[in-house]
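Just below is one structure, and these are the notes that go with it.
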Amino acid sequence: SFLFIQDFSKAMSQAGSSQFQEVIRQELEYSMKVELDKILATAHSNEIEHTKKDLEGFKKLFHRFLQEKGPSVDWGKIQRPPEDSIQPYEKIKARGLPDNIASVLNKLVVVKLNGGLGTSMGCKGPKSLIGVRNENTFLDLTVQQIEHLNKSYNTDVPLVLMNSFNTDDDTKKILQKYSHSRVKIYTFNQSRYPRINKETLLPIAKDVSYSGENTECWYPPGHGDIYASFYNSGLLDNLIAEGKEYIFVSNIDNLGATVDLYILNHLMNPPNGKRCEFVMEVTNKTRADVKGGTLTQYENKLRLVEIAQVPKAHVDEFKSVSKFKIFNTNNLWIALSAIKRLQEKNAIDMEIIVNPKTLDGGLNVIQLETAVGAAIKSFENSLGINVPRSRFLPVKTTSDLLLVMSNLYSLNAGSLTMSEKREFPTVPLVKLGSSFTKVQDYLRRFESIPDMLELDHLTVSGDVTFGKNVSLKGTVIIIANHGDRIDIPAGALLENKIVSGNLRILDH
(Lines of atoms letter the chains of each structure in order from A; the text may use other names.)
(Lines give C-alpha, C1' and ligand atoms only; values in the text may rest on other atoms or scores of the structure.)
Protein backbone atom coordinates (compact mmCIF):
# COMPACT_ATOMS: atom_id res chain seq x y z
CA SER A 1 0.00 0.00 0.00
CA PHE A 2 2.98 2.28 0.61
CA LEU A 3 3.95 1.86 -3.08
CA PHE A 4 0.42 2.72 -4.12
CA ILE A 5 0.51 5.91 -2.04
CA GLN A 6 3.87 6.89 -3.56
CA ASP A 7 2.57 6.32 -7.10
CA PHE A 8 -0.63 8.19 -6.30
CA SER A 9 1.16 11.24 -4.92
CA LYS A 10 3.56 11.16 -7.88
CA ALA A 11 0.64 11.05 -10.29
CA MET A 12 -1.04 13.90 -8.41
CA SER A 13 2.06 16.06 -8.47
CA GLN A 14 2.47 15.39 -12.19
CA ALA A 15 -1.15 16.27 -12.83
CA GLY A 16 -0.68 19.31 -10.65
CA SER A 17 2.41 20.38 -12.55
CA SER A 18 0.69 20.04 -15.93
CA GLN A 19 -2.32 21.99 -14.62
CA PHE A 20 0.07 24.52 -13.15
CA GLN A 21 1.88 24.78 -16.48
CA GLU A 22 -1.46 25.28 -18.22
CA VAL A 23 -2.32 28.16 -15.85
CA ILE A 24 1.08 29.79 -16.49
CA ARG A 25 0.61 29.36 -20.24
CA GLN A 26 -2.79 31.03 -20.13
CA GLU A 27 -1.40 33.90 -18.06
CA LEU A 28 1.49 34.41 -20.50
CA GLU A 29 -0.91 34.44 -23.45
CA TYR A 30 -3.18 36.90 -21.70
CA SER A 31 -0.27 39.23 -20.81
CA MET A 32 0.96 39.01 -24.42
CA LYS A 33 -2.51 39.89 -25.75
CA VAL A 34 -2.69 42.95 -23.44
CA GLU A 35 0.74 44.17 -24.61
CA LEU A 36 -0.03 43.61 -28.31
CA ASP A 37 -3.33 45.49 -27.95
CA LYS A 38 -1.42 48.43 -26.44
CA ILE A 39 1.01 48.38 -29.37
CA LEU A 40 -1.84 48.20 -31.91
CA ALA A 41 -3.51 51.20 -30.25
CA THR A 42 -0.52 53.34 -31.28
CA ALA A 43 -0.98 52.60 -35.02
CA HIS A 44 -2.11 55.30 -37.46
CA SER A 45 -5.32 54.59 -39.34
CA ASN A 46 -3.44 53.70 -42.54
CA GLU A 47 -1.33 51.04 -40.80
CA ILE A 48 -3.94 49.45 -38.54
CA GLU A 49 -4.99 46.80 -41.06
CA HIS A 50 -1.59 45.27 -41.80
CA THR A 51 -0.29 45.72 -38.23
CA LYS A 52 -3.33 43.79 -37.02
CA LYS A 53 -2.58 40.95 -39.49
CA ASP A 54 1.05 40.85 -38.38
CA LEU A 55 0.16 40.74 -34.69
CA GLU A 56 -2.51 38.06 -35.25
CA GLY A 57 0.06 35.93 -37.04
CA PHE A 58 2.52 36.48 -34.21
CA LYS A 59 -0.10 35.53 -31.60
CA LYS A 60 -0.63 32.17 -33.35
CA LEU A 61 3.09 31.52 -33.43
CA PHE A 62 3.49 32.51 -29.76
CA HIS A 63 0.61 30.20 -28.80
CA ARG A 64 2.35 27.28 -30.52
CA PHE A 65 5.67 28.24 -28.95
CA LEU A 66 4.11 27.95 -25.48
CA GLN A 67 2.57 24.55 -26.32
CA GLU A 68 5.70 22.90 -27.69
CA LYS A 69 8.58 21.85 -25.52
CA GLY A 70 11.94 20.34 -26.37
CA PRO A 71 13.21 19.08 -29.74
CA SER A 72 10.29 18.60 -32.10
CA VAL A 73 11.27 15.27 -33.59
CA ASP A 74 11.16 11.83 -32.06
CA TRP A 75 14.54 10.45 -33.13
CA GLY A 76 13.27 6.87 -33.12
CA LYS A 77 10.75 7.67 -35.88
CA ILE A 78 13.27 9.12 -38.32
CA GLN A 79 13.83 6.86 -41.31
CA ARG A 80 15.72 7.12 -44.54
CA PRO A 81 13.47 8.37 -47.30
CA PRO A 82 12.21 5.63 -49.68
CA GLU A 83 14.26 5.25 -52.88
CA ASP A 84 11.74 6.86 -55.24
CA SER A 85 11.04 9.87 -52.98
CA ILE A 86 14.38 11.49 -53.88
CA GLN A 87 15.04 11.34 -57.60
CA PRO A 88 18.47 11.85 -59.17
CA TYR A 89 18.56 14.97 -61.35
CA GLU A 90 20.11 12.95 -64.20
CA LYS A 91 16.96 10.84 -64.43
CA ILE A 92 14.77 13.94 -64.68
CA LYS A 93 17.06 15.55 -67.23
CA ALA A 94 17.10 12.36 -69.34
CA ARG A 95 13.42 12.86 -70.16
CA GLY A 96 14.41 15.82 -72.30
CA LEU A 97 12.15 18.78 -73.00
CA PRO A 98 8.83 19.02 -74.86
CA ASP A 99 8.46 21.16 -77.98
CA ASN A 100 6.12 23.55 -76.20
CA ILE A 101 8.50 24.54 -73.43
CA ALA A 102 7.28 28.15 -73.70
CA SER A 103 3.76 27.18 -72.63
CA VAL A 104 5.27 25.38 -69.62
CA LEU A 105 7.42 28.42 -68.73
CA ASN A 106 4.39 30.70 -68.88
CA LYS A 107 2.98 28.82 -65.88
CA LEU A 108 6.01 29.71 -63.73
CA VAL A 109 6.72 32.54 -61.28
CA VAL A 110 10.22 33.08 -59.84
CA VAL A 111 10.23 34.14 -56.18
CA LYS A 112 13.39 35.36 -54.47
CA LEU A 113 13.73 35.67 -50.71
CA ASN A 114 14.98 39.23 -50.33
CA GLY A 115 14.48 40.00 -46.65
CA GLY A 116 18.11 39.89 -45.54
CA LEU A 117 20.55 42.72 -44.88
CA GLY A 118 24.23 42.64 -45.81
CA THR A 119 25.34 43.19 -42.21
CA SER A 120 27.30 39.93 -41.94
CA MET A 121 29.49 41.22 -44.78
CA GLY A 122 29.81 44.70 -43.31
CA CYS A 123 27.30 46.34 -45.66
CA LYS A 124 24.33 48.56 -44.93
CA GLY A 125 21.08 47.96 -46.78
CA PRO A 126 19.71 44.88 -48.56
CA LYS A 127 22.14 42.05 -49.20
CA SER A 128 20.76 41.72 -52.73
CA LEU A 129 22.35 45.08 -53.64
CA ILE A 130 25.94 43.96 -52.96
CA GLY A 131 28.05 43.87 -56.14
CA VAL A 132 29.07 40.30 -56.93
CA ARG A 133 30.44 40.26 -60.42
CA ASN A 134 31.48 43.01 -62.88
CA GLU A 135 29.54 45.59 -60.85
CA ASN A 136 26.40 43.41 -61.04
CA THR A 137 24.46 42.86 -57.81
CA PHE A 138 22.54 39.70 -56.83
CA LEU A 139 19.39 41.48 -57.99
CA ASP A 140 20.94 42.51 -61.34
CA LEU A 141 21.96 38.92 -62.05
CA THR A 142 18.49 37.63 -61.15
CA VAL A 143 16.77 40.11 -63.48
CA GLN A 144 19.25 39.31 -66.30
CA GLN A 145 18.58 35.56 -65.96
CA ILE A 146 14.80 35.93 -66.19
CA GLU A 147 15.01 38.51 -68.95
CA HIS A 148 17.17 36.08 -70.92
CA LEU A 149 14.55 33.35 -70.45
CA ASN A 150 11.70 35.62 -71.53
CA LYS A 151 13.58 36.77 -74.62
CA SER A 152 14.80 33.30 -75.63
CA TYR A 153 11.39 31.63 -75.37
CA ASN A 154 9.12 34.66 -75.90
CA THR A 155 7.53 34.11 -72.49
CA ASP A 156 6.31 36.15 -69.54
CA VAL A 157 7.94 34.75 -66.40
CA PRO A 158 7.54 37.35 -63.63
CA LEU A 159 9.90 37.96 -60.72
CA VAL A 160 8.46 38.31 -57.23
CA LEU A 161 10.61 39.61 -54.37
CA MET A 162 9.68 38.85 -50.79
CA ASN A 163 11.08 41.87 -48.96
CA SER A 164 11.16 42.60 -45.26
CA PHE A 165 10.57 45.96 -43.58
CA ASN A 166 14.40 46.16 -43.50
CA THR A 167 14.84 45.89 -47.28
CA ASP A 168 11.60 47.17 -48.81
CA ASP A 169 12.36 50.89 -49.28
CA ASP A 170 15.88 50.43 -50.65
CA THR A 171 14.78 47.64 -52.98
CA LYS A 172 11.86 49.63 -54.39
CA LYS A 173 14.14 52.57 -55.20
CA ILE A 174 16.46 50.30 -57.16
CA LEU A 175 13.61 48.59 -59.04
CA GLN A 176 13.02 51.75 -61.07
CA LYS A 177 16.16 50.98 -63.04
CA TYR A 178 14.55 47.79 -64.43
CA SER A 179 11.38 49.51 -65.63
CA HIS A 180 12.35 48.87 -69.26
CA SER A 181 13.55 45.30 -68.79
CA ARG A 182 11.51 42.43 -70.10
CA VAL A 183 10.53 41.18 -66.65
CA LYS A 184 7.47 42.10 -64.63
CA ILE A 185 8.63 42.59 -61.06
CA TYR A 186 6.30 42.41 -58.08
CA THR A 187 7.10 42.75 -54.38
CA PHE A 188 5.34 41.88 -51.16
CA ASN A 189 6.49 42.21 -47.59
CA GLN A 190 6.93 39.48 -45.05
CA SER A 191 5.42 40.07 -41.63
CA ARG A 192 6.90 42.26 -38.95
CA TYR A 193 6.88 40.54 -35.57
CA PRO A 194 7.86 41.86 -32.11
CA ARG A 195 11.02 40.57 -30.45
CA ILE A 196 10.30 39.35 -26.94
CA ASN A 197 12.26 39.65 -23.72
CA LYS A 198 13.81 36.28 -22.92
CA GLU A 199 12.96 36.56 -19.20
CA THR A 200 9.43 38.00 -19.25
CA LEU A 201 8.36 36.66 -22.67
CA LEU A 202 6.74 40.03 -23.40
CA PRO A 203 7.38 42.34 -26.38
CA ILE A 204 10.11 44.93 -25.93
CA ALA A 205 8.31 47.35 -28.29
CA LYS A 206 6.04 49.96 -26.74
CA ASP A 207 4.50 51.22 -30.00
CA VAL A 208 4.30 50.28 -33.70
CA SER A 209 7.12 52.45 -34.98
CA TYR A 210 10.21 50.68 -36.23
CA SER A 211 12.64 53.49 -36.91
CA GLY A 212 15.28 55.11 -34.74
CA GLU A 213 15.74 53.36 -31.43
CA ASN A 214 12.81 51.05 -32.17
CA THR A 215 14.53 49.22 -35.04
CA GLU A 216 15.72 46.52 -32.63
CA CYS A 217 12.20 45.82 -31.35
CA TRP A 218 11.00 44.11 -34.53
CA TYR A 219 12.17 41.32 -36.83
CA PRO A 220 11.06 39.50 -40.00
CA PRO A 221 10.08 35.97 -38.88
CA GLY A 222 12.12 33.82 -41.26
CA HIS A 223 11.23 32.69 -44.78
CA GLY A 224 8.54 30.27 -43.57
CA ASP A 225 6.41 33.39 -43.40
CA ILE A 226 6.16 33.34 -47.21
CA TYR A 227 2.94 31.33 -47.32
CA ALA A 228 0.88 33.67 -45.14
CA SER A 229 2.42 36.91 -46.47
CA PHE A 230 2.13 35.91 -50.13
CA TYR A 231 -1.49 34.92 -49.57
CA ASN A 232 -2.36 38.03 -47.51
CA SER A 233 -0.77 40.37 -50.06
CA GLY A 234 -3.35 39.35 -52.68
CA LEU A 235 -0.53 38.59 -55.11
CA LEU A 236 -1.06 34.82 -54.87
CA ASP A 237 -4.66 35.12 -56.08
CA ASN A 238 -3.69 37.55 -58.86
CA LEU A 239 -1.03 35.17 -60.20
CA ILE A 240 -3.42 32.20 -60.09
CA ALA A 241 -5.96 34.32 -62.00
CA GLU A 242 -3.25 34.95 -64.64
CA GLY A 243 -2.88 31.19 -65.11
CA LYS A 244 0.36 30.76 -63.17
CA GLU A 245 0.71 27.32 -61.53
CA TYR A 246 4.12 26.99 -59.83
CA ILE A 247 6.55 29.19 -57.98
CA PHE A 248 10.28 28.54 -57.91
CA VAL A 249 11.53 29.90 -54.58
CA SER A 250 15.16 30.42 -53.62
CA ASN A 251 17.46 32.64 -51.58
CA ILE A 252 18.57 35.67 -53.58
CA ASP A 253 22.18 35.06 -52.49
CA ASN A 254 22.25 31.56 -54.02
CA LEU A 255 23.76 32.26 -57.44
CA GLY A 256 23.23 28.63 -58.51
CA ALA A 257 19.45 28.86 -58.21
CA THR A 258 18.51 29.50 -61.84
CA VAL A 259 15.28 28.33 -63.49
CA ASP A 260 15.77 24.70 -64.50
CA LEU A 261 13.62 23.69 -67.46
CA TYR A 262 13.97 19.95 -66.82
CA ILE A 263 12.63 20.21 -63.26
CA LEU A 264 9.82 22.49 -64.42
CA ASN A 265 8.88 20.02 -67.15
CA HIS A 266 8.88 17.17 -64.62
CA LEU A 267 6.42 19.17 -62.48
CA MET A 268 4.10 20.15 -65.31
CA ASN A 269 4.25 16.83 -67.17
CA PRO A 270 4.84 14.19 -64.50
CA PRO A 271 5.76 10.74 -65.87
CA ASN A 272 3.12 8.98 -63.76
CA GLY A 273 0.45 11.61 -64.44
CA LYS A 274 0.28 12.69 -60.79
CA ARG A 275 1.59 16.18 -60.13
CA CYS A 276 3.84 17.05 -57.20
CA GLU A 277 2.74 19.95 -55.04
CA PHE A 278 6.19 20.48 -53.55
CA VAL A 279 9.69 19.74 -54.83
CA MET A 280 12.80 20.35 -52.75
CA GLU A 281 16.18 20.42 -54.44
CA VAL A 282 18.74 18.64 -52.28
CA THR A 283 22.41 18.03 -52.97
CA ASN A 284 25.12 15.78 -51.56
CA LYS A 285 26.71 16.87 -48.31
CA THR A 286 30.39 17.61 -48.09
CA ARG A 287 32.27 18.13 -44.84
CA ALA A 288 31.40 21.83 -45.08
CA ASP A 289 27.65 21.19 -45.03
CA VAL A 290 27.22 19.28 -41.79
CA LYS A 291 24.70 21.76 -40.41
CA GLY A 292 22.31 21.84 -43.39
CA GLY A 293 18.77 20.51 -42.93
CA THR A 294 18.17 17.02 -44.33
CA LEU A 295 15.19 15.21 -45.86
CA THR A 296 13.96 12.20 -43.93
CA GLN A 297 10.93 9.93 -43.89
CA TYR A 298 8.83 10.60 -40.79
CA GLU A 299 5.36 9.22 -40.14
CA ASN A 300 5.04 8.29 -43.84
CA LYS A 301 5.78 11.80 -45.05
CA LEU A 302 8.90 13.48 -46.38
CA ARG A 303 10.08 15.81 -43.65
CA LEU A 304 12.83 18.39 -43.38
CA VAL A 305 14.82 17.98 -40.17
CA GLU A 306 17.02 20.90 -39.11
CA ILE A 307 19.88 20.67 -36.64
CA ALA A 308 17.91 22.75 -34.08
CA GLN A 309 15.24 20.04 -33.92
CA VAL A 310 17.64 17.22 -33.16
CA PRO A 311 17.94 16.00 -29.54
CA LYS A 312 21.43 16.82 -28.22
CA ALA A 313 22.39 13.15 -27.91
CA HIS A 314 21.94 12.67 -31.69
CA VAL A 315 23.55 15.82 -33.09
CA ASP A 316 26.76 14.02 -34.10
CA GLU A 317 24.75 11.35 -35.85
CA PHE A 318 22.76 14.05 -37.65
CA LYS A 319 25.99 15.68 -38.84
CA SER A 320 27.45 12.41 -40.14
CA VAL A 321 27.87 12.38 -43.89
CA SER A 322 27.32 8.61 -44.01
CA LYS A 323 23.82 8.45 -42.50
CA PHE A 324 22.37 11.66 -43.93
CA LYS A 325 23.99 12.15 -47.32
CA ILE A 326 22.01 15.12 -48.60
CA PHE A 327 20.92 18.56 -47.43
CA ASN A 328 18.31 21.11 -48.45
CA THR A 329 19.49 23.83 -50.88
CA ASN A 330 16.33 25.89 -50.22
CA ASN A 331 15.53 25.81 -53.94
CA LEU A 332 11.85 24.88 -53.85
CA TRP A 333 9.13 24.40 -56.46
CA ILE A 334 5.62 24.75 -55.05
CA ALA A 335 2.14 24.61 -56.58
CA LEU A 336 0.26 27.89 -56.16
CA SER A 337 -3.13 26.19 -55.84
CA ALA A 338 -1.78 24.04 -53.00
CA ILE A 339 -0.48 27.08 -51.09
CA LYS A 340 -3.91 28.69 -51.42
CA ARG A 341 -5.75 25.56 -50.29
CA LEU A 342 -3.51 24.90 -47.26
CA GLN A 343 -3.34 28.54 -46.24
CA GLU A 344 -7.14 28.82 -46.26
CA LYS A 345 -7.42 25.68 -44.12
CA ASN A 346 -4.67 26.97 -41.79
CA ALA A 347 -2.98 23.62 -42.48
CA ILE A 348 0.64 24.59 -43.13
CA ASP A 349 2.62 23.09 -40.31
CA MET A 350 6.17 24.36 -39.73
CA GLU A 351 8.31 23.81 -36.66
CA ILE A 352 9.13 26.91 -34.65
CA ILE A 353 12.76 28.01 -34.66
CA VAL A 354 13.65 29.92 -31.49
CA ASN A 355 16.42 32.34 -32.38
CA PRO A 356 18.10 33.95 -29.34
CA LYS A 357 19.74 37.36 -29.83
CA THR A 358 21.54 39.83 -27.62
CA LEU A 359 20.77 43.46 -28.45
CA ASP A 360 23.38 46.23 -28.43
CA GLY A 361 22.43 47.28 -24.91
CA GLY A 362 22.95 43.71 -23.66
CA LEU A 363 19.26 42.73 -23.43
CA ASN A 364 18.57 39.06 -24.25
CA VAL A 365 15.62 38.59 -26.57
CA ILE A 366 14.18 35.75 -28.59
CA GLN A 367 12.59 35.82 -31.99
CA LEU A 368 10.27 33.07 -33.21
CA GLU A 369 10.80 32.02 -36.80
CA THR A 370 9.82 29.33 -39.31
CA ALA A 371 11.56 27.95 -42.40
CA VAL A 372 9.89 27.66 -45.82
CA GLY A 373 11.11 24.10 -46.50
CA ALA A 374 9.66 22.76 -43.23
CA ALA A 375 6.18 22.91 -44.79
CA ILE A 376 7.02 20.02 -47.16
CA LYS A 377 5.13 17.58 -44.93
CA SER A 378 1.88 19.55 -45.34
CA PHE A 379 1.82 19.18 -49.14
CA GLU A 380 0.66 16.21 -51.18
CA ASN A 381 2.96 14.08 -53.28
CA SER A 382 6.19 15.85 -52.29
CA LEU A 383 9.48 14.99 -53.94
CA GLY A 384 13.18 15.58 -53.40
CA ILE A 385 15.45 15.98 -56.43
CA ASN A 386 19.16 15.41 -55.88
CA VAL A 387 20.69 18.15 -58.00
CA PRO A 388 24.33 18.86 -58.91
CA ARG A 389 26.26 20.94 -56.42
CA SER A 390 26.41 23.75 -59.00
CA ARG A 391 22.78 24.63 -58.14
CA PHE A 392 23.92 25.56 -54.63
CA LEU A 393 26.28 28.53 -54.79
CA PRO A 394 25.41 30.75 -51.82
CA VAL A 395 27.41 33.87 -51.06
CA LYS A 396 27.36 34.22 -47.29
CA THR A 397 30.89 35.53 -46.71
CA THR A 398 33.66 37.36 -48.58
CA SER A 399 35.36 33.94 -48.96
CA ASP A 400 32.35 32.90 -51.09
CA LEU A 401 32.50 36.25 -52.87
CA LEU A 402 36.13 35.64 -53.87
CA LEU A 403 35.13 32.37 -55.55
CA VAL A 404 32.29 33.86 -57.60
CA MET A 405 34.33 36.91 -58.64
CA SER A 406 37.23 34.75 -59.84
CA ASN A 407 38.00 33.06 -63.15
CA LEU A 408 36.60 29.80 -61.73
CA TYR A 409 33.28 31.02 -63.11
CA SER A 410 32.17 32.61 -66.33
CA LEU A 411 29.13 34.86 -66.49
CA ASN A 412 26.58 34.46 -69.25
CA ALA A 413 23.14 36.15 -69.27
CA GLY A 414 23.20 36.52 -65.49
CA SER A 415 24.14 32.88 -64.83
CA LEU A 416 27.47 31.75 -63.43
CA THR A 417 28.90 28.50 -64.72
CA MET A 418 32.10 26.75 -63.69
CA SER A 419 34.87 27.48 -66.18
CA GLU A 420 35.63 24.64 -68.59
CA LYS A 421 39.31 25.31 -67.94
CA ARG A 422 38.99 23.97 -64.40
CA GLU A 423 40.04 20.35 -64.47
CA PHE A 424 37.90 19.08 -61.61
CA PRO A 425 34.36 20.12 -60.80
CA THR A 426 34.82 20.88 -57.09
CA VAL A 427 35.30 24.40 -55.78
CA PRO A 428 38.49 25.22 -53.85
CA LEU A 429 38.20 25.64 -50.08
CA VAL A 430 38.79 29.32 -49.26
CA LYS A 431 39.16 30.75 -45.76
CA LEU A 432 39.82 34.48 -45.51
CA GLY A 433 40.63 35.88 -42.06
CA SER A 434 38.85 38.62 -40.14
CA SER A 435 40.69 41.42 -41.98
CA PHE A 436 38.61 40.44 -45.04
CA THR A 437 35.17 40.11 -43.38
CA LYS A 438 33.77 43.44 -44.57
CA VAL A 439 33.25 43.85 -48.30
CA GLN A 440 35.05 47.18 -48.46
CA ASP A 441 38.12 45.79 -46.64
CA TYR A 442 38.09 42.73 -48.85
CA LEU A 443 37.98 44.84 -52.05
CA ARG A 444 40.81 47.05 -50.79
CA ARG A 445 43.06 44.00 -50.24
CA PHE A 446 42.83 42.68 -53.81
CA GLU A 447 44.15 44.90 -56.61
CA SER A 448 42.67 42.30 -58.90
CA ILE A 449 41.14 38.90 -58.22
CA PRO A 450 43.85 36.19 -58.44
CA ASP A 451 43.84 33.39 -61.03
CA MET A 452 42.36 30.46 -59.08
CA LEU A 453 41.77 27.87 -61.82
CA GLU A 454 44.24 25.40 -60.29
CA LEU A 455 43.67 26.26 -56.63
CA ASP A 456 42.63 23.57 -54.12
CA HIS A 457 42.85 25.40 -50.82
CA LEU A 458 43.54 28.97 -49.72
CA THR A 459 43.87 30.21 -46.14
CA VAL A 460 44.70 33.87 -45.51
CA SER A 461 45.09 35.34 -42.04
CA GLY A 462 46.17 38.78 -40.83
CA ASP A 463 47.13 41.94 -42.70
CA VAL A 464 47.64 40.63 -46.25
CA THR A 465 47.22 42.38 -49.61
CA PHE A 466 47.36 41.00 -53.16
CA GLY A 467 48.87 42.86 -56.12
CA LYS A 468 47.55 42.61 -59.68
CA ASN A 469 47.58 39.33 -61.65
CA VAL A 470 48.57 36.97 -58.85
CA SER A 471 48.19 33.22 -59.57
CA LEU A 472 47.32 30.73 -56.82
CA LYS A 473 47.72 26.97 -57.36
CA GLY A 474 47.42 23.88 -55.17
CA THR A 475 47.40 24.68 -51.45
CA VAL A 476 48.37 28.21 -50.45
CA ILE A 477 48.54 29.41 -46.84
CA ILE A 478 49.43 33.03 -46.09
CA ILE A 479 49.72 34.08 -42.45
CA ALA A 480 50.76 37.55 -41.29
CA ASN A 481 51.23 37.46 -37.54
CA HIS A 482 50.03 40.30 -35.35
CA GLY A 483 51.91 43.48 -36.24
CA ASP A 484 53.27 42.01 -39.49
CA ARG A 485 52.07 42.76 -42.98
CA ILE A 486 52.41 40.68 -46.13
CA ASP A 487 52.06 42.21 -49.62
CA ILE A 488 51.90 39.58 -52.35
CA PRO A 489 53.66 41.30 -55.29
CA ALA A 490 51.95 41.85 -58.65
CA GLY A 491 52.37 38.93 -61.04
CA ALA A 492 53.42 36.49 -58.29
CA LEU A 493 52.76 32.76 -58.71
CA LEU A 494 52.20 30.89 -55.45
CA GLU A 495 52.00 27.12 -55.82
CA ASN A 496 51.77 24.84 -52.75
CA LYS A 497 53.31 27.55 -50.56
CA ILE A 498 53.15 28.66 -46.98
CA VAL A 499 54.02 32.35 -46.60
CA SER A 500 54.44 33.86 -43.14
CA GLY A 501 56.36 36.62 -41.40
CA ASN A 502 56.70 40.07 -42.88
CA LEU A 503 56.76 40.91 -46.60
CA ARG A 504 56.46 44.55 -47.65
CA ILE A 505 56.68 45.45 -51.29
CA LEU A 506 57.69 49.09 -51.56
CA ASP A 507 56.97 51.04 -54.73
CA HIS A 508 60.22 52.35 -56.21
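Using the three backbone atoms N, Cα and C, a Cβ is placed for every residue, glycine included.
Features as listed in TrEMBL:
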type    : residues                               : note
BINDING : LYS127, GLN190, GLY222, ASP253, LYS396 : UTP binding site
BINDING : HIS223                                 : substrate binding site
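Each of the binding-site residues LYS127, HIS223, LYS396 was scored by other CB atoms within 10 A of its CB, and the lowest score goes to LYS396. Within 10 Å of the Cβ of GLN190 (UTP binding site) there are 27 other Cβ atoms, across all protein chains. Using a 10 Å radius centred on the Cβ of ASP253 (UTP binding site) and all shown protein chains, the other Cβ atoms total 22. Counting only same-chain residues six or more apart in sequence, the Cβ atoms lying under 8 angstroms from the Cβ of GLY222 (UTP binding site) belong to ILE353, ASN355, GLU369, THR370, ALA371. For the binding-site residues LYS127, GLN190, ASP253, LYS396, a Cα-Cα cutoff of 10 angstroms around the residue listed as 'substrate binding site' retains GLN190. Summarising the UTP site geometry, the residues cited as binding it (LYS127, GLN190, GLY222, ASP253, LYS396) extend over a maximum Cα to Cα distance of 21 Å.
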